């Protein structure tokens, strides 16, 4: 600043002034693209500029001047109707519209995950439902729902604050966005296995996807196009453009490609549709390849590997010389024509692992099941029964080996094999809000039954499971046993040739269990049935053949008669005795007549011995001895004799390893009654806390440790409670450091505008008085009109 020149820079906060790098179009007469005159006044920029100028013309380079009251008047514009509310909320409205879909996204994601969590989805696939139909039905249902939502939302906007814009444009903005969030919900659901966690995190992820646009308000062009590939941000971009046009007179069809919009509305709509397709493809991919608790996981490059396998596949089966994991000392009844069996298992193996720890759940299983019979799979908890059944049905993927269901490999032809299967898992495959008839109707439709044939099948099964009076009851209104009966009935709907029943009578009362036995016997004439159970009388009554597993290995298999003849080893003599009696003389008395009698495990008031079949000739003398007075002196009160049962065979085989381990770990059994009584009482002879404060501290410490152990082992909770908040704070701080736009300085002189425009400020009602004075020439008379140049 000197007498020879005037060059001053004024710098204020960039947010206090209109953007200097943004062109102003005269089309946006009343929108957010106004000239921003008020900001120059309210920020103090004009006052500061005038003060500096006054100082220059009065102190630095004084000139003779008269003083006139200065004023500032905005550029003239075309007449328009001001929408004060929309102009006020236009920046916030897109965010509100985006957040309005938080709950629908959360619920859509949760419902998809619920079906996976309850294993309903895999049960439907096992019953013959194809994945294409499953995905298509899910998508169409939500498309119809959201089409209605889009229509109602468009009408509400049209009759309130967006009256001037085209109805179809508003509708398609909503509709294309809804299409994208449908597939976005499916994509998010692919990463979750717990519905509760999905319902909590899905809205959080959705909200995070909407942050970029609102963090980068000044971005244009390519940046906004990139942001639009996140569908919540795309909705905000679309409504930002729409509100600009609405405030300027409305958006019409010709404005979809308006050259001054950056990006153009048509491009945003196309990107929203591309978002839907992209999310759909990602959902299908991750749903197929991500690890899951239930269902078969596909190769990460399945779209390349599967066609190659299909082209190069040979119709060869698993080699018959695969390692046989059956027990070396087991007994197995041979099966003729094994190739024509309903089920043929060859070296089936399943290994579970976490880190370096491995657990063999099923160890190279070899087994065949004949067609048209009821086969029972027995074993203790953890023996591998359910794992074997889950591998055969495709609920989990086999580590090695194969299983052939009517000649179809579960590794290569699972879809075809599932067409032959009816399935009742350990859990109930029911929807709480559907009735009994609706469940049967639904699964019958999956199996392909139609019209009268379907109605006949439904009525037949309702009668078979004794639900004729409960056909319209919802599943939530049924007891636990009734739900199991309905699940069993569902497995038979559609006439499947092979039925898998995993503990079908669990939770039933005696009457319901016997009714179900009758149903199975009735249906066994037209179906092959494989079931697991813990009820030995059920296995003994229903089983045409029995297979017993222990620790993942097949211990024996064959018909009941075959197993009893091979493993029964005679009869069981059970004697009821006086408590704490010395059992050795009783055993000695029996062994005098039957030297090969084998003592079994004795209960508190019983002594049991196994008698060989060859000792039948001495049974009269033995029973007479047991009934004699000398036997009563030994403590014998009563006795019974029975043939070997399936339960005894099961205990002998399936629990042999556990008994052996217990014998190795425990001390030799003592027969001293006083010693046994002392050991029993010592369990209860403990010193309990008498002080309330000490008890409270003990309880507090126990709860604290329990919570610590649970938290320490829940890595997912650790991530979202500790790591995720820290990462979000860091990202927010980094985002604040990024400069998405730079306000460039502009030179204020008379060359800023191209054309002189004469503005009569005398009649202007929209002028701003300045706090400083404006110098005018000393020429007498009225001041000349000001000239200015319109901005372009």
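Cβ coordinates are placed from backbone N, Cα and C, and glycine is handled just like the others.
What TrEMBL says about a protein is an automatic prediction, not a curated fact.
What TrEMBL records for 661-674 is compositional bias 'Basic and acidic residues'.
What TrEMBL lists as domain 'ABC transporter' is 343-576.
Here TrEMBL flags 661-681 as region 'Disordered'.
If you look up TrEMBL, you'll see 85-103 (among others) marked as transmembrane segment.
Sequence-distant neighbours of the transmembrane segment (135-157) (same chain, 6+ residues past either end, Cβ-Cβ under 8 Å): 104, 108, 112, 167, 170-171, 174-175, 178-179, 182-183, 186, 280, 284. What TrEMBL records for 135-157 (among others) is transmembrane segment.
For the transmembrane segment (169-191), the residues of the chain that approach it from at least six positions outside its boundaries are 101, 104-105, 108-109, 112-113, 116, 135, 138-139, 142-143, 146-147, 149-151, 153-154, 157-158, 162, 198, 201-202, 205-206, 231-232, 234-235, 238-239, 242, 251, 253, 256, 265, 269, 272-273, 275-277, 279-280, 282-283, 286-287, 290, judged by C-beta separation under 8 angstroms. According to TrEMBL, the transmembrane segment annotation covers 169-191 (among others).
Per TrEMBL, transmembrane segment is recorded for 197-215 (among others). Panel annotation: around the transmembrane segment (197-215), residues 94-95, 98-99, 101-103, 105-107, 109-110, 112-113, 181, 184-185, 188-189, 224, 227, 230-233, 235-237, 240, 716, 720, 735, 740 of the same chain, lying at least six beyond its termini, place a Cβ under 8 Å from a Cβ of the stretch.
Look at TrEMBL and you will find 227-245 (among others) tagged as transmembrane segment.
The feature transmembrane segment is assigned by TrEMBL to 265-290 (among others).
Residues or ranges marked as transmembrane segment in TrEMBL: 719-738 (among others).
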Notebook entry, point to check: Considering pairs 6 or more residues apart, do the transmembrane segment (265-290) and the transmembrane segment (227-245) have at least three CB pairs under 8 Å?
Noted result: yes
Next item on the list: Take the domain 'ABC transporter' (343-576) and average the pLDDT across it for me.
Entry: 88
